[in-house]
Amino acid sequence: MSSETLKFARELISRPSITPEDEGCQQLIGERLAAQGFNLESMIFEDTTNLWARRGQGRKLFCFAGHTDVVPPGDINDWQFPPFEPTTHEGYLYGRGAADMKGSLAAMITATERFIKDYPNVDADIGFLITSDEEGPFINGTKRVIETLQERNENIDWCIVGEPSSTDTLGDIVKNGRRGSLTGDLTVLGIQGHVAYPHLAKNPVHDLAPALSELINEEWDQGNASFPPTTFQVSNIQAGTGAGNVIPGRIDTQFNFRFSTELTAEKIKQRVEAILDKHSLKYHLQWKLNGPPFLTESGALVEAVQAAIEHECGFSTTLSTAGGTSDGRFIAPTGAQVIELGPVNATIHKVNECVKISDLDKLSDVYYRCLEKLLC
C-alpha cells in the first residue's frame, strides 16, 4: 500500500495541471475507479473538467471530494527540484500539488481500493467528485457538478474534502466548517478638479474616509463557540490619475468579510449600505458572495473521522473552522455532512511544496478507517 500511494501521487504531480487544466489526471483516477466498479461521468463545463464517479445506486452516499488543478509554480529556478518532476528527498515528496492536493487524491484512491477489497458488499454507495477548477474562479467546477446532481436528486450524505487541513502533524486539525466569504466592490464618485481649487471639486477620498473608518471599527458580531468574530478587511484601493495636482473624480475600494453563522450575507449588505448612506455618499456597490458559512455538527461523519485519527495517529484531533474557503461550501448547503481532512499545509502554494512520504501512507489508512467506521 505504501509504495502504491506514493507511486500514484507521483503520477499525478507529474501532470502540470495548472487551473483550469486537468492534463489527464482525472483519466488516471477514473481508470482506477472503473476497475473497482465505479460508473464514471465526465462533466465538462466551458474550460473546466470534472469527474463524477459513483459505485452503487440509491443507497446512502459517501463522497470523497478534491481537485486536480494546482496553482502556478512561479519561477521554477527558485525550486530545489523541478515542480512537475516529483522528487523524493530526505523523507519528503516534492512537487507542485504534493500537499494541495494530489497527495490526498492518491490516498483516497488507495484507501478506497483496499476498502472495496475488504468490504465488497458494503450497504452504501461511494462517490468521487473531482474538479480542475478549485484554485481558480470556482465557477464551473464543484459548484456546477453539485447543481447538476441536485437537479437529478442525487444527494451526498457524507463528504470528506481532501484539503490540507493539518497544521503541524497529520490529523492534528480537521475542518468541520468554514466562515462565509463576501466581497464588495465599492465606487464612490466625486468631482475631479485642481488641488488648488478644492471648492470647485469634490474629493471622493475625503468623502469615503469617515465611512471607511466606521466600517473598519464596526463590531459585526462576537462570533460563537464554533466561529471567531466576523472580520472586515480592505484589500484594494485605487484613486487618482497619478498626477500630484489633480483631485480624483472617483475612488474604487474592494473589501472582504469573513463571517460567522451569527450573520447572513444579506444582513451584512444592509448594515454596510446603511453606513454608506448615513455619510451621504454617491456610490455604486457590487457584491459577490463567494460562499456562505457552514458547520458540520457532531454526528456520524465527525465521529468517524475522530475515531479514525485516534486509531491511526494515536491522538485526538481538533475541530476547526479557521482559514479560507474550500469547495466544501458548495456541498454543505445540500444537507451533506462535510469534513476537510488532509496533509500538513505548511508548504501549500509555496516554492518547494512537499508532503512527508510517511504521511501519504498514514492518510490512506485514516481514509480507510473513516470508510470502515462510517459504512460498516
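Yeah, the Cβs are placed from backbone N, Cα and C, and that goes for glycine too.
Taken from Swiss-Prot, the feature active site applies to ASP69, supported by sequence analysis. The active site, proton acceptor annotation in Swiss-Prot covers GLU134. The annotation Zn(2+) 1 binding site is assigned in Swiss-Prot to HIS67, ASP100, GLU163 on the grounds of sequence analysis. Annotation comment: Swiss-Prot describes ASP100, GLU135, HIS349 as Zn(2+) 2 binding site.
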8 Å Cβ shell about ASP100, GLU135, HIS349 centroid, Zn(2+) 2 site members excluded: VAL70, VAL71, GLY97, MET101, ILE348
Distance from GLU135 (Zn(2+) 2 binding site) back to GLU163 (Zn(2+) 1 binding site), taken between C-alpha atoms, in Å: 11
Using Cα positions only, nearest of the recorded positions to HIS349 (Zn(2+) 2 binding site) (HIS67, ASP69, ASP100, GLU134): ASP100
8 Å Cβ shell about HIS67, ASP100, GLU163 centroid, Zn(2+) 1 site members excluded: GLY66, MET101, SER104, GLU134, GLU135, VAL161, GLY162, PRO164, SER326, GLY342, ILE348
Alpha-carbon distance [GLU135 (Zn(2+) 2 binding site); ASP69 (active site)] in Å: 7
DSSP-derived structure type at HIS67 (Zn(2+) 1 binding site), helix or strand or else coil: strand
Fewest Cβ neighbours within 10 Å, where candidates are the recorded positions ASP69, ASP100, GLU134, GLU135, GLU163: GLU135
Which listed residue (HIS67, HIS349) has most other Cβ within 10 Å, given these are binding-site residues: HIS67
Alpha-carbon distance [GLU135 (Zn(2+) 2 binding site); HIS67 (Zn(2+) 1 binding site)] in Å: 8
